[in-house]
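Taking it in order: structure first as structure tokens, then the write-up.
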Amino acid sequence: MNIHEYQGKEIFRSMGVPVPEGRVAFTAEEAVEKAKELDTDVYVVKAQIHAGGRGKAGGVKIAKSLSEVEAYANELLGKQLVTHQTGPEGKEVKRLYIEEGADIKKEYYVGFVIDRATDRVTLMASEEGGTEIEEVAAKSPEKIFKETIDPVVGLAPFQARRIAFNINIPKESINKAAKFLIALYNVFIEKDCSIVEINPLVLTGEGDVLALDAKINFDDNALFRHKDILELRDLEEEDPKEIEASKYDLSYIALDGDIGCMVNGAGLAMATMDTINHFGGNPANFLDVGGGATKEKVTEAFKIILGDDNVKGIFVNIFGGIMRCDIIAEGIVAAVKEVDLTLPLVVRLEGTNVELGKQILKDSGLAIEPAATMAEGAQKIVKLVKEV
């Protein structure tokens, strides 16, 4: 689950991570009133959307008067802000964060993530702040420093100081930076985060360390013990299809292609998308129905896939391990009839009761194209979609 920058900064502030003072506003008039509450002559007007790259896209403005705050607020509110993370359609700006300006001496990047290679939380940092970390990794990987954290000990003070030293924070501010990083690590652990990222973290002219940004992603599987965080969820920032999918324990992520995918298991789903790409197609989604797919879940999965107007065909790729292929086949037949499917449909089944499942599909009389392998299924759906 994602939250807005201003919400992330409230969490930071409550856990001892220094941030500038700021207020959220939903109208231009409110933006001016909130700016009046700040003890500053320079204001930063920030568009609040669930996407990075806002600064480069014109979503962050520096105002030196209340009239400029109002002008920038009017400019940003209601605007479709297009960044490298939103796609070409962009996201509508519905709220702003009005923040005190900071005396920036130097910008840095810091982030905590889960490193799948070590199964540990890893602290990453770079002195190339204000730049996308992926860009730094591609062009100057030697400028990214990492500390792998022992879950029993936590982020040790010597590790925090070492990374501060490595990214060239001045020696007089290293202890402040170390304290900052330890507080940030505590946010990551106590709030069950999957990502905590600040870009930029800044060193001020007075030698203080501040978080000028706040990107926090939470582990959805841990939200049951964070009711306060659940209340921060902004459904308007999420894909309605993803929201609907979550109601049925379906993992759905929309993509830009035209071939709908329904698969069980995240690994098989990614392999299916790669195979479609390999044969010249473009997946329209990632959809994992999980290990306990029922007729109802399969039907809802079809409805969600068909909710994307770009979809021109569907590839169902199911391995029946825990699930029986005959049950899945019955669900597919019932779902196709209920949604009155007219698009090309290719189904590949393998596993428990696979022959019975294939017979059910064959006897249905529906226009379901069978496939013996994932590669064959991908080739068939790519060809059929191109003929539509």
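First residue shown is number 1, and so on along the chain.
Positions of Cβ are set from backbone N, Cα and C atoms, glycine also.
Among the features that Swiss-Prot reports, ATP binding site is placed at K46, G53, R54, G55, E99, A102, E107. Per Swiss-Prot, Mg(2+) binding site is recorded for N199, D213, and the stated evidence type is sequence analysis. Taken from Swiss-Prot, the feature substrate binding site covers N264, G321, I322, M323, and the record attributes it to sequence analysis. The domain 'ATP-grasp' annotation in Swiss-Prot covers 9-244 and rests on sequence analysis.
Between A102 (ATP binding site) and I322 (substrate binding site), the C-alpha separation comes to 56 Å. The number of other CB atoms found within 10 A of the CB of G321 (substrate binding site), across every protein chain shown, is 12. Ranking the binding-site residues A102, I322, M323 by how many Cβ atoms sit within 10 Å of each one's Cβ puts M323 at the top. Taking Cβ-Cβ distances under 8 Å and a sequence separation of 6 or more, the neighbours of D213 (Mg(2+) binding site) in its chain are E5, E197, I198, N199, P200.
On the 0 to 100 pLDDT scale, the model's mean across the domain 'ATP-grasp' (9-244) is 94. Neighbour counts were taken as the number of other C-beta atoms within 10 angstroms of each residue's C-beta; across the binding-site residues E99, E107, the minimum falls on E107. A distance of 35 Å separates the Cα atom of N264 (substrate binding site) from that of R54 (ATP binding site). Of all the binding-site residues listed here (K46, R54), the one with the fewest other CB atoms within 10 A of its own CB is R54. According to DSSP, I322 (substrate binding site) sits in a coil region rather than a helix or strand. Cα-Cα distance from G321 (substrate binding site) to E107 (ATP binding site): 51 Å (rounded to the nearest whole number). Residue annotation for ATP gives K46, G53, R54, G55, E99, A102, E107. The furthest Cα pair among them is separated by 19 Å. Here the Cβ of N199 (Mg(2+) binding site) has 24 other Cβ atoms within 10 Å, regardless of which shown protein chain they belong to. The distance from the Cα of K46 (ATP binding site) to the Cα of M323 (substrate binding site) comes to 48 Å.
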